[in-house]
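A short worksheet on the structure shown next.
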Amino acid sequence: MRFFTATVLGLLTSSLAAATNLTSPSRLALPADFKPQQVFKNTNLVRNTNLEKGYVRETINVVVENIDKQAQTDYYIPFPSDVFERVGGFEVRDKKATDKGRFVVDATEAVSTSGNQYFIVHLPEPLAPKSQITLGISYSVLNSLSPRPATIGQSDKQYLHYAFSAYVPSAYQTITQKTKVKFPSTDVPDYTTTSDLKSGADPERKGATYTYGPYDTAKVVPGTEYPIAVRYEFTNPVVTVHLLERDLEVSHWGGNLATEDRYWLRNNGSELTSQFSRVDWTFANYQRAPTSAVREITYPLKPGSVDPYFIDDIGNVSTSRYRPGNGKTAGNLELKPRYPIFGGWNYSFKVGWNNDLAAFLRETAKPDSWVLKVPFIQGPKASEGVQYERVVVRVVLPEGAHNVRFQTAEGSSSNGLPGANQIHASLSSFKTFMDTLGRTTLTLEVDGLTDEARDAELIVTYDYTLMDALRKPLTLFGGLLSVFIALWAISNIDVSIKKR
Amino acid sequence: MAQSSLDVLLKGSSGKSTRGLLRIIILLTIAAAAVASRLFSVIRFESIIHEFDPWFNFRATKYLVQNGFYSFWDWFDDRMLPPSQCLRVVRSPRYHRAALIQFLPHLGTWHPLGRVTGGTLYPGLMVTSGVIYHILRLLTIPVDIRNVCVLLAPGFSGLTALAMYLLTREMSHSPSAGLLAAAFMGITPGYISRSVAGSYDNEAIAIFLLVFTFFLWIKAVKNGSIMWGALTALFYGYMVSAWGGYVFITNLIPLHVFVLLCMGRYSSRLYISYTTCDHMSALGVFGLIQLVAFAEFVRAYLPGKQFQKLLTSMVLLTFGLGFTGLVLLSVSGVIAPWSGRFYSLWDTGYAKIHIPIIASVSEHQPTAWPAFFFDLNFLIWLFPAGVFMCFQNLKDEHVFVIIYAVLSSYFAGVMVRLMLTLTPIVCVAAALALSTIFDSFLVMTKPTPESKEKANADKSKAFSSTKKPVVGIYSYFSKAIVTGSLTIYLLMFVAHCTWVTSNAYSSPSVVLASRLPDGSQHIIDDYREAYYWLRQNTEDNAKIMSWWDYGYQIGGMADRPTLVDNNTWNNTHIATVGKAMSSREEVSYPILRQHDVDYVLVVFGGLSSGIWPDEIKERDFFTARGEYRVDEEATPTMKNSLMYKMSYYNYNSLFPAGQAVDRVRGVKLPAESPTLNTLEEAFTSENWIIRIFKVKDLDNFGRDHSNAVSFDKDLKRKRATKKKGPRVLRTE
């Protein structure tokens, strides 16, 4: 809470200087033969690859040392172009001082010779020569798991395949490194065993965690790859949301925050070898056997959420149940799609609900200035995870709201969102319910999110005066008055051809 | 004191405005009740389009709203392609329509023929909701086109009640008659049956237009005003664009004029009103009225008696000539103005013999007599009384009521659907009768003997038949009995209407409700489950074959082209589909391939857990084949038919061996599942109501499908035996 007020106060002081902080992410162009200067050295690097969900979540902890003669600020992190586009929620922090928040990160265009794209991490304080800093890099990679076999029977187990390099891609020389891969279960039928990288068994297996390394890579040229492939059981749906459109409508008059989420969903798991069999599904459902299909979607809602609905293109989906929370605990919206969503099948739907605005909005010390704090996304909660290829959040503010600024709340750990400069933000006007000017609408677009971002909070500040609030009633009054006057005038016109 | 203050309100000019205000409030309440009683299904289920035809209207409206009126007019049903893609073809002079059909072979409904939608529908409904939608959007009220369509019928019912008030007020001097008629019209089940929320069909607006056109017509006849005549013509045109039932007006208004002429009631008012709103098919009467106008002119120069004879004979002669001419032309086939449905109005047996498709639709059947009581309740016995009242007071407008009453009672007896046109006139007549009763029995003051004497004196002067009899009730007891019993009838009527509306007419039929053993409501949504699966998980132009009833729903909800749909314009094509469904697989498969069918959809519903509407079993099977058995004793033809196989494929595996039961039809099934060679099951809905099968592609090795399937089966058996051997560990 203290942090919250702090950011708000900070915003208010800066808002006097700049009217808005809306950005659109730009990518730095790099020369065709660009190579990051060898000014750093990774003394130790540990990569944790988590495969427990339907996407890959990686955290890299790396001790970086400045080997140049001058203090350095920019640390480059390379990705191949095709992977770069699927990296989501990229974040870098000082591992030793996570409270200080994330570092500013810029993205670059692809470098034509190497095919790499870079994230440039701007260290807040230049790193002096010979000194070290521990970076905690976290991100997720979407759509990097492929089902093998690509088609399975309806009640078969599903296996996913993941390929990566034993050497963590880095722009700099790395002295030692290792990779820990965490599988959802111990059922890992295929994995690469290395023979010449280190002495002893590689990988080392401990339960569902396989450790590749540590390798001594001081002599390995940065950018060298050593392909590793693993195939493991994942009899869960690989839930992928092509597009999530989320609308948040703020109504000062109604004291209401209306939320609607529109999903275009797909299961990227193994497709069915033969066609769907209702008999098998009925039996599997009866036994609650694990399945690669989406059977149900649990959708937690904030306490006090009311009037939930679950509809799709052709109307209400009657197979849903809402368990409202009691006061403080979150409610649960249990959605059952019209049909089980097997691999390769699509499903699109909308859910929406209302909240009391008072829990999300407050007026600041400065009069007529308001702060709105809402969840950035609120998607389904599932152990198998959900990946969002594209998320468009629209915050519809009251008519006449101006001086709009936004911020995402930062805590001591990753909130799953990329930095604010990677979020495409724009303002527009949205006319509805007899608006004259249209409502001020803040649109935020982000590519590549995962359900990690479910806890992220979006903070929007705006100015809204009493006159803005009175605009609607006055307009309506004026409109009705003019209708009545017109009617009266028309009724007084005599068009008859009778003699008077 | 109280007495005098009430007097101030009720008497004099302020009393007039009080009554006016009261009337407006009552009318608005009636309109609100009319709207509210139609919302059962919205409250119980959701805002959804009902049944079958409304789904097409809804889809057409969506198209109109998205693409504008001009492209709507040129719409060749192509499943909502952007107009630029199809219009370029349509407007190109190089292709006439026949060529166009080949040009867009894989896109439309009625695959592969296609359907020129713009020319085969009544656009009034779609245009109306489109206009409402755009007006609301102009006022920036965010309304969904679906909600406009769902609520159009209730909204117009409210207007119908108002129009009814206006119409009845023209018939009677009693102020209560109009209000009663409006109330009856608002809640009578005969009208509600076609206008509940979601039944987005032409009738939804047509009845309002019908009543309002009649009101304007009566007004025009009474006033002889060009303005009313012009308005009549305007609304008449609107009506024509909205409903096939417009023939009713086209015939009724000229008939009214004709009868008036025969009665020698020609007047300049009639001439003005009729010539202003002239209609094309009533040309004969139009010519006649010109003749009569000429004759009137002649009359000035002829003595009365002689003229009367001349006129009557002329009229009858002209009519007789015209009628014989028409009959001759029709018989010789020079003009064919009557469609099959129309024929069946005259000869109820016609449809059964010639167009079984029309006869198979339940709403084209002759009406069963209880239906009159079901739909109109006590209005049906007030109806003759009301018509009798009209004879008592025979002005031009009452002649109209009588003609309307006679015609529509006949039509309603012939076709269930036409109950709808009977309802308005029943409401008018019943309201006339009831208001007369109330006006006589609800008077507190006793009639004074003088007035009776005066009445007797009057009687001697005028003809007794044209004179309104003076009625006066002296005893409070009889007043109380009559009013009391009528009030009870009225209350029962309201209860009956509510019950009928709630139980009989408010089911969307897309969604079914059943009760679980514990009494809670369970919604069965299999139709939408299957349609949505089709929409999301099949190729965009996958062709679906199903029985024609479901064509519109598949078009609307699954958004896929179909082979046949509810617009039964091509019986041969429907028959082809029927043949494919009911033949052996070897016969069906070539048909399916020829028509590019990708999926076959059947409605089955054997696994029921609650109360099922009868239509499910009937629609799919009874209409197709008349009579049938599905159990072990079924004929081989039945067992080999594609539909039987699809319905029961794999069904027995839900049950312990040999105990498969079709609960809907209450029969035990053979222990063996039918084998399908040319199709494979693609989707089955949760309650097995809808099953979708995918048509297999030609076999890769050029075998025929039955060989391929049996080969695979053998292979599986061999493999299964092989597996029993000792396991060999994989060595690496």
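All positions are counted from 1 along the displayed chain.
Heads up, the Cβ atoms here are built off N, Cα and C, so glycines get one too.
TrEMBL: automatically predicted annotations, no manual curation.
Copied from TrEMBL, the annotated features are:
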TRANSMEM  B:20-40  transmembrane segment
DOMAIN    B:22-83  domain 'Oligosaccharyl transferase STT3 N-terminal'
DOMAIN    B:109-276  domain 'Oligosaccharyl transferase STT3 N-terminal'
TRANSMEM  B:120-139  transmembrane segment
TRANSMEM  B:145-167  transmembrane segment
TRANSMEM  B:204-221  transmembrane segment
TRANSMEM  B:233-261  transmembrane segment
DOMAIN    B:277-429  domain 'Oligosaccharyl transferase STT3 N-terminal'
TRANSMEM  B:281-302  transmembrane segment
TRANSMEM  B:314-338  transmembrane segment
TRANSMEM  B:371-391  transmembrane segment
TRANSMEM  B:398-416  transmembrane segment
TRANSMEM  B:422-444  transmembrane segment
TRANSMEM  B:473-495  transmembrane segment
DOMAIN    B:544-593  domain 'STT3/PglB/AglB core'
Let me spell it out: take the transmembrane segment (B:371-391), skip the flanking residues so only those 6+ beyond its ends count, and list any with a Cβ under 8 Å from a Cβ in it.
171, 184, 188-190, 193, 398-399, 401-402, 405, 412, 416, 419, 422-423, 425-434, 436, 489, 492-493, 496-497, 500, 504
Does the chain bring the transmembrane segment (B:422-444) near the transmembrane segment (B:233-261), so that three or more CB pairs sit under 8 Å (pairs 6 or more apart in sequence)?
no
Where does the mean pLDDT land for the domain 'Oligosaccharyl transferase STT3 N-terminal' (B:22-83)?
82
In terms of Cβ proximity under 8 Å, which residues at least six beyond the ends of the transmembrane segment (B:120-139) contact it?
57, 60-61, 64-65, 69, 72-73, 145, 148-149, 152, 200-202, 204-206, 209, 238-244, 567, 569
Which residue counts does DSSP give the domain 'STT3/PglB/AglB core' (B:544-593) for helix, strand and coil?
32 helix, 4 strand, 14 coil
The domain 'Oligosaccharyl transferase STT3 N-terminal' (B:22-83), counted residue by residue under DSSP: helix, strand, coil:
42 helix, 1 strand, 19 coil
